[in-house]
Structure formats: C-alpha cells, structure tokens
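Visitor: Per TrEMBL, Fe cation binding site is recorded for His266, His315, His379, His592.
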Amino acid sequence: MAAYSYALQVNKCSLQRPSLPHKIEHFSNPLSTSFKPLLRDLDQFPNISVDVTKAIKETSCKLLDAFVDFIFEFADQPLLPSQRNFAPVEEIGESTLSVTRVEGTIPDDFPEGVYIRNGPNPLFGGLKSTRSIFGESDHMWVEGEGMLHALYLKKNGRIRGSWNILYKNKHVQTDTYKMEKDRKKPGFLPAIEGDSPAVLLAYLLNVLRFGVIDKYLSNTNVFEHAKKYYSIAENHMPQEIDIHSLETLENWNVISGSWTRPFTSHPKKAPGTGELVVIGIDAQKPYFELGVISADGKKMVHKADLMFDRCTVCHEIGVTQRYNVIMNFPLTIDISRLVLGGSLMRFEENGYARIGIMPRYGDANSIKWFEVEPCCVFHIINCFEDNDEVVVRACRARQSVIPGPNSRVNHFEKWLKGRSSKDERIEFTKESTFPRVCEWRLNMKTGEVREKKNLSGDEFAMEFPLINEKFTGFRNKFAYLQVVESTEISGSGFTRFGGVAKLHFEEKRIPTEEEDELIKAEYHMLPQNTFCSGASFVPKPGGVDEDDGSIITFTHNENENISQVYIVDAKKFTNEPVAIITLPSRVPYGFHGAFMPLES
C-alpha cells in the first residue's frame, strides 16, 4: 500500500479530486462505487480540506502527471499478422465519402436507411500496456474508444434501380475521449487486466487525475429508442448520436438521474408496449438492478434491486411477452479478489449458475430461479413463452477465457495453458471456450429444466446472434449467427468470423445416431481470408414471412486489404450476395451493428 500513500502525498496540497463536469461525476461505471470509501479517506488528510488557490490545484495535478510519466512506461500491444485488421483507423473528416463501386444490384425493395456498426478504435496507435515497478497492466482486447462506421443508402429518384451511397466514420466523443484527446497522448492507465498492484494503482491514479477509474468506451453497440439513436458500452450510460452526422450529442440522462448506473449493451424493447428493459451491474451492492423505461423515453416506469449476492458479468437481458429473463452465471467481478492478488474478473468453474424468470414489473421476491449447469453466456438469441415453459436460446460456452495477471497479448500461448486458483492445469480448447447454440426450456409450473447444450452441432462455433427484431420475445423460426473461423484459437481474444449461419429451429437435420436433435443450418461462407463483423437483419418492407429480408454485414478481404459490405438474401441464403459494396476506407473488425430505416 506504499504506492497509495505516495500518490496521496503527491496530491496532498489540492482541495479534492480534479473538478469535473457534472455529467462525468453523475455516471459511474460498474467498478467506480467500490472506490468511494477510498475517496472518502482522502478527506481525512487535513491539508486536503483547506481551500487553496487554483494555481496550487493545477500544480498538484501537474505533479501527479509527472509522477505517472516517471513511473509508468506506455507501450503499444503488438498485433499478430492475422490481427492486422483489428488495428485502428483515422477519422475520414467531417464530410462523407461517396461510394461508387457496387457489384450486383441492391434490391428495389431494400429500405432506405443507414447501416451502422460500432467497435473499438483505440486512440494513439492501438491498445496499450504499461510497465512500472508495480508490474504490468494492459488494455483488454475489448477496449479502445468507440468508432461508428456508417453506410448511408438512399435511392436516386431520377434513375430507377440507382442508389446514392455514402460512407462515414467517427469516434464516439465521450467525456473521457475528449479529455485524452486534448492531452494528445495516452493518459488513462489500463485498469482491468494485469498484475494486481499495477491495476489497483491505476484505479487510484485515474481517479485522482481524471475523476473516474477508467475510460468511457462506448464501443459495443448502437440502438434506437423513441426515435433517438445511441452508442453504448457497459461501463457507462449511452451517448446520444446524430445518426446523420455521427456527432455525439450528450450522455443519456435517464429521467433526470433516476437511473445512476450504466446499463447493458443490449437493452430490449418489451413486446407490445415498446418499453425499454435495461439492467445495470456494479462491483458493490446493489450488484444488479433492472429498469423499465417508457416507450417515449421520458419516464422510468419501474426499477428493482434484484438482491444478487455477487457481481456477475451479464452482457444481455431477455424478454418475453410477460417476463424478463435474467442470466446469473459464474463470470464475476470481485475487487477484494484483486486486492488479494487475484484477477478482477474470473470464471468460477465451481460457482452456481441460474436463470431467473421475472414478471415485467416484478421485484427480487417475484423471480422464479432455475438452476442450470455452470457455463458462460454473453449473448441471448431470443426468449419466448410456450404454454407453461419459457424458452431461452443463447450462445453457450462450457467455460470462459478470462483475462488475468498472466494474460499478455504477446505471449498468449502461455495464457492458454494458465493455472486455476488451485494451481490445476486448465486446457482451453475450441470445444470448451467457443460457444454453441443451446436451448433451455424452463417450466414455470413444475420448476423442471430441459436443456439442449448443442442444437447446431460441432461443425462451427457461432456467436453474435441476430433475428428479425419483430419477433423479439415471440416464438421465432430463424436466427443468424456469425461463424467463428474454423482454424483459430487464440488467448488474445481476437476472434475472426468467416461467414454467417442461418438456423432453422423448426426443421431437423437428417437424423443419425449422433445428430438426432440437431436443427437445420445453412451457411453463407465468405471467400478465403475474408471476415465479417456487425451482421444485421434488414426486414423487407411489407414482408410476410419471418425471413423476408436481407443480411447485411461489413467484411474485410485480408488478401487485398479491402473492406466491403455484403448484402445477402435471407431466403436464398446460400446464394451469392445480391450486392457487394466496396468501401473507400478500411473498416476494422468490430462488434455489433444495426440497420436504421430513416424517415425522409
């Protein structure tokens, strides 16, 4: 704890933490409240409570910066040759770029709108590591400031079958993005992955210098609610985005502060009402809260503390017509574990796992819990009610490759053969760490759980599911998932996707002794060394069938270093793309995308 003492002495002459805009102080990330007791301790230092001049305050901040510059060395994390399209790109500027190269034909019944995808695009060259006498800390592969990539498609009314297509990218300008951009060099110390003393000191120094323990990334997803558009990641509130210019407008202050924590990157609209169901986790109690926001976005209709006894990483919530579906699985965040020298996040193989079914406006006492086998789930495909059962379909892995003190990108092979807390060997394999499509059928009357751990077979691992969103919360026939590159397993976390699968839940494959329960799957595989990200389903206007529409996705050809957008007919899924749009700028691999039909 000598590091803490030294850092406090450096800032002893200042009044308090650096003054910050109210909006930064208001929105905490899942870890920030855990450090409130530490921040309260600062007030016990007599000199801190003395009113001092602005000049002295500025001097103390400069001393802290000098301390960081002297003790910590920033270095770029190296990328393997297969990871070069994860490297960031520059913003193209304020104007949009015209797109003129289109192979094939965009269908006449394709809706006008914007296809937009979020993803990490680190400032200053890439993800960083820091080295110091306290050890190393690294950015995780999911970190990096958010950048939006948008393709605008509008019909040319003068020429039948002709489209005006424009492309634009832009960073999401969160409060912390602006702070670091103004510095013109890295400032925030990596604070999630690495050696425990270095991570803990990073928390403290980030708070003392910037007022928050880590950057607001806003790099995971985009969504619409009440005709407003938002960028989001789970460590902060969403940022409202001007969908036409990609300008960041402001943080979404939900109902004048009635919701004061982040929420999931995958909020869900409740079937029938259009209300937005959100969840937010924190590293100290209350660990898990659920909220329901009105369809017009102006009122918090309902909020409940679900009374969790641990902070569990929950990336997504499910909804049905009457229920909220809660995933309480053993991937946890624990500050005390970090203090004792362990990892901040860990998958607890022997921990419990359960799925909760909660009435839409229920509380902790109204949840019916179903115990399931421990596993790791980040993404839910869909949930729906089927007589007495609630059906939950998701992407399930037997375990999770979680960052820890030894997980460095430049020696990932060592990480793959890491050790558990009991010093037992853990073998990370495709079969255990890459997800398969699973189904739980939860009987609300009897409490029975029927589980199918693998609906789609072992031919491919799949992730990043999407459906026709009109069927969210209702029984659906189809789902689409990105297919993990078959030859790749890497402890770095940089996974590439070589195609898209279409699953037919109500059709079985030709049964064999081994595959009598497998459902039908079709595949649209990309050319060799071409990979996709941000796939989205675009419904056909006036479509009748669930799969009336298209799959649209950003792709990158690594042989030619060319980024494109593929449009695939969802009904003729295995056919060649109906259109391939070549982009004027490289688009790095990213996370989730969406197609937003726009009113003229």
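Residue numbers in this text run from 1 along the chain shown.
The backbone N, Cα and C atoms fix where each Cβ goes, glycine too.
Help me understand the surroundings of these features in the structure.
Guide: Long-range Cβ neighbours of His315 (Fe cation binding site) (same chain, at least 6 residues apart, Cβ-Cβ under 8 Å): Glu234, Thr264, Ser265, His266, Phe378, His379.
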Visitor: So around the Fe cation site, His266, His315, His379, His592 aside, which residues have their CB within 8 A of the centroid of those CB atoms?
Guide: Thr220, Asn221, Thr264, Ser265, Glu316, Phe378, Ile380, Phe464
Visitor: Across all chains shown, how many C-beta atoms besides its own are within 10 angstroms of the C-beta of His592 (Fe cation binding site)?
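Guide: Within a 10 Å radius of the Cβ of His592 (Fe cation binding site) lie 23 other Cβ atoms.
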Visitor: Over all shown protein chains, what is the count of other CB atoms within 10 A of the CB belonging to His379 (Fe cation binding site)?
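Guide: Result for His379 (Fe cation binding site): 19 other Cβ atoms within 10 Å.
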